[in-house]
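Working notes for the structure below.
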Amino acid sequence: MPQSKSRKIAILGYRSVGKSSLTIQFVEGQFVDSYDPTIKNTFTKLITVNGQEYHLQLVDTAGQDEYSIFPQTYSIDINGYILVYSVTSIKSFEVIKVIHGKLLDMVGKVQIPIMLVGNKKDLHMERVISYEEGKALAESWNAAFLESSAKENQTAVDVFRRIILEAEKIDGAASQGKSSCSVM
């Protein structure tokens with residue numbers, strides 16, 4: 001097996017959309033039912049995708065709102081972004097658009113690995129954002145999209161596998177686009 005690659009992934013979104021729950025479900029395989037606002041946590045996990053081992057460093061961020069100042073640390077050495085909203089919250093869906101805009105302003109690249117995640121899909125009766133709305137938003141950003149339920153462990157692993165694939169796809173396109181020049 002080739003040497004493992006390190007990847008740093010930031011998880012961003014409005015408060016109480018399930019960023020920490022999704023991350024803990026992926027890393028530890030358990031759902032944390034209590035809400036304890038995150039300041040910033042970092043988790044690590046080894047995962048194999050397409051025969052390649054990845055050492056993931058997951059930056060679970062504090063919830064942002066439309067007025068939050070986007071910390072510059074969220075743009076340094078990050079290989080991919082998981083933007084999370086709750087399918088039960090119009091506010092979180094609107095705020096994720098603002099966060100995306102701030103992210104593009106900070107990073108300065110139009111093509112960055114982004115995974116849009118509609119979380120809490122298990123709360124059928126409280127749903128206010130349709131699957132189609134989430135998918136359309138992701139397509140407008142040229143981003144990957146999945147809905148998830150951290151509580152029911154639906155697609156938590158898929159979310160993190162997919163962001164790795166998105167990062168590798170963009171890294172591959174960047175390295176293919178590179179040209180070299182030799183001065184003799």
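Any Cβ shown, glycine's included, is placed from N, Cα and C.
Residues 35-43 are the range that Swiss-Prot records as motif 'Effector region', among 35-43, 116-124, 152-160. Taking the recorded positions Ser20, Ser130 in turn, the residue surrounded by the fewest other Cβ atoms inside 10 Å of its Cβ turns out to be Ser130.
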